[in-house]
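Chemist: Just lifted these from Swiss-Prot, have a look:
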SIGNAL    1-28  signal peptide
REGION    139-163  region 'Disordered'
REGION    186-225  region 'Disordered'
COMPBIAS  191-215  compositional bias 'Basic and acidic residues'
BINDING   H378, H382, H388  Zn(2+) binding site
DOMAIN    542-597  domain 'TSP type-1 1'
REGION    706-847  region 'Spacer'
REGION    877-905  region 'Disordered'
Amino acid sequence: MLRDPTTTGWPPLLLLLLQLPPPPLVCGAPAGPGTGAQASELVVPTRLPGSASELAFHLSAFGQGFVLRLAPDASFLAPEFKIERLGGSSAAAGGEPGLRGCFFSGTVNGERESLAAMSCVAGWSGSFLLAGEEFTIQPQGAGDSLDQPHRLQRWGPGQRREDPGLAAAEVFPLPQGLEWEVEMGNGQGQERSDNEEDRKQDKEGLLKETEDSRKVPPPFGSKTRSKRFVSEARFVETLLVADASMAAFYGTDLQNHILTVMSMAARIYKHPSIRNSVNLVVVKVLIVEKERWGPEVSDNGGLTLRNFCSWQRRFNKPSDRHPEHYDTAILFTRQNFCGKGEQCDTLGMADVGTICDPDKSCSVIKDEGLQAAYTLAHELGHVLSMPHDDSKPCVRLFGPMGKYHMMAPFFIHVNKTLPWSPCSAVYLTELLDDGHGDCLLDAPTSVLPLPTGLPGHSTLYELDQQCKQIFGPDFRHCPNTSVEDICVQLCARHRDSDEPICHTKNGSLLWADGTPCGPGHLCLDGSCVLKEDVENPKAVVDGDWGPWRPWGQCSRTCGGGIQFSNRECDNPMPQNGGRFCLGERVKYQSCNTEECPPNGKSFREQQCEKYNAYNHTDLDGNFLQWVPKYSGVSPRDRCKLFCRARGRSEFKVFEAKVIDGTLCGPDTLSICVRGQCVKAGCDHVVNSPKKLDKCGVCGGKGTACRKISGSFTPFSYGYNDIVTIPAGATNIDVKQRSHPGVRNDGSYLALKTANGQYLLNGNLAISAIEQDILVKGTILKYSGSMATLERLQSFQALPEPLTVQLLTVSGEVFPPKVRYTFFVPNDMDFSVQNSKERATTNIIQSLPSAEWVLGDWSECPSTCRGSWQRRTVECRDPSGQASDTCDEALKPEDAKPCGSQPCPL
């Protein structure tokens, strides 16, 4: 969200305004005319005969002739692009084929390397490239006829030198600029909230999450996953919506305006500093002509965003393959709306990282003329998961990055040579590499070309019109603009004011590129440039990959680590809208694959232990001991560092990604690489086909062990020994199935060590939910007593002998039966008779009192005010049966708010 700057510390003539209507402000003294040769001529195109599907005409200027041969080309729009009007005299939705027929492209003088693009929207205008020179053509009258006078201008890149007849344009430093706000951000926009940092997968520090929270939805309608670490062309198919306030303000120029704004934003996303190939495509435009037909828009920015997100869903097609399906929706409005703290100078609102979520991939833009293009690019950046440049994760990774990138929290002006910060590029790349942007892979049959004409050439963006769009319909350009403010600061004066006082705001509202700034001069990027200084067009340069860099450091010293090599799209770097490199940008390989010395701890366990003295204590002040948590973790979250407090149900996510080379789980050989599971062999090599056989031998044939199996039916109350599984046993599987219709049969699996210490369901305390049992680095997975099939499993070699028991606390007509299997080495002296049916009958003591059993927190619908997380809190006795004897005063909470604030961008 953007906010107007304060006036602190400014000299009287340069004070900036907080709000409109602003107090009087003198922009400066009258500016003198610029100097320089004229690089344009008035021409009248001559229509040439041709086919019905071809437009051909001749121009004479600059001592040469130009013959343009053009064919209809609507690739600026998606193939099924439509404009629909809601609520007006044409309330019924319908396409506008006439608009599609107004775009043409072709060649000049028959040259294969030439390029021409023309539009008949609001008169014939466009541009063409020939022999290294760029030309733009604009009508000089109000009609649509081709044979009226047009101004032909010659352009080129060159050095942008200041007008020698004018003082150099100066951009003054601002105490603060306009502020962006982001959903899940704080009211000041200067740093993101804890919740927002959690969502963005903070690189260090504690992440407090619930089991199911923070899950990014799967790509909507996506059938296949993109390859990781591969640069692929992405297409952001977009719905543009203009509300009734936009229709009233722009009238018949509305569709031209929002397409111009969109094309400017698309150009920003083409810059190589974003380090990805991102193409913006317009699928549909909805123009709301009657307020009641559109989304509810108010001065509450957060509520407006929620309303629009809900409203836009009705127009989206479910299938990503449908030509009218869009990936994100954008609302343009002239309505002022507020963020937090009664600050009503917000320019944009959006949710973070929601691009493939059809319910939340949306943003709201406050229209202020062409400045809306930067707001749109910023808000869409948040939807693509980019945080603010001054957020804690960005600062930790890259240090302070200045205030002039696209994702700066305050909008002053954008560094057009480097619009995207390194942090923005990294977060976007991670989103795409993690598969959360796969909905952007489907390409329309035609892509969106960027218009080459500068907006300042159009009558829609004359200086007076620019002032009206930003300050209001009663304002016009200030005639006494100072030399210092030309092209740099847009100043306006109320048309009914008798005082020669001009107003400005926002710190540095540049004049639109192409705006005349003196005889023979035009504005370009805030500078008044001689037309003849830009004689040759900037050649489009496609990017190409540089060499692979040396392999980096291995992530582990033993047990199978990962090392990376990468290459950059810098040989050459894309320039002037050239294509970003496609293909593999990062490769990795296994390293240090030798086995680690046995220490009784898994690599994931060592990572959890790091937080044992991390200021985490229980209610008595004792430090908690953290062990890995596997049970209840979603498969897509297996590479997050979930840790559980030993002996407790509390767990936390300490890291968004475990160290590369960590096993994804106790029951798989796959390993984590940058937060994603990849296949690996038992030799710790990525993509290796080697597997553990049933004996636990890597690459073995299963001949080094024998199977031990049996069954057991309890015959007495209490704890009954079933079998003692020896150290070294592998592929352990113990099952106790309840009878049909009987969930709690009064019999429960138990597990104890050789010294009599219970690891599971001991002392008549029953674990009702799934859990992990850690035994010297080996994990045994327990299903929980509430499961219909109560099960105890381990795929790793058992480090010490364990005794499996069955606790029986009630009689059954059909007593349950326990079955078990495991494998032991052939040379192990093991006898089932010696290990089972020792049947020590334990006297059942009086059952302890019932206790509260806690479920896992549900997923947060959002982190904004009004949404709640919930969990089950049930009173159960040791047998797992529901009870009413728990102390209500000690009942834990079963609901908590997800957030207490609206979430601005």
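Note that Cβ sites are derived from N, Cα and C of the backbone, with glycine treated the same way.
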Chemist: Quick one: of H378, H382, H388, which of the binding-site residues has the smallest count of other CB atoms within 10 A?
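Modeler: Per-residue Cβ counts within 10 Å for the binding-site residues H378, H382, H388 bottom out at H382.
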Chemist: Can you break down the domain 'TSP type-1 1' (542-597) into helix, strand and coil residue counts using DSSP?
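Modeler: DSSP composition of the domain 'TSP type-1 1' (542-597): 0 helix, 15 strand, 41 coil.
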Chemist: According to DSSP, which kind of secondary structure is H388 (Zn(2+) binding site) found in, if we only use helix, strand and coil?
Modeler: coil
Chemist: Mind looking up the mean pLDDT for the region 'Spacer' (706-847) in the predicted model?
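Modeler: On average, pLDDT over the region 'Spacer' (706-847) sits at 81.
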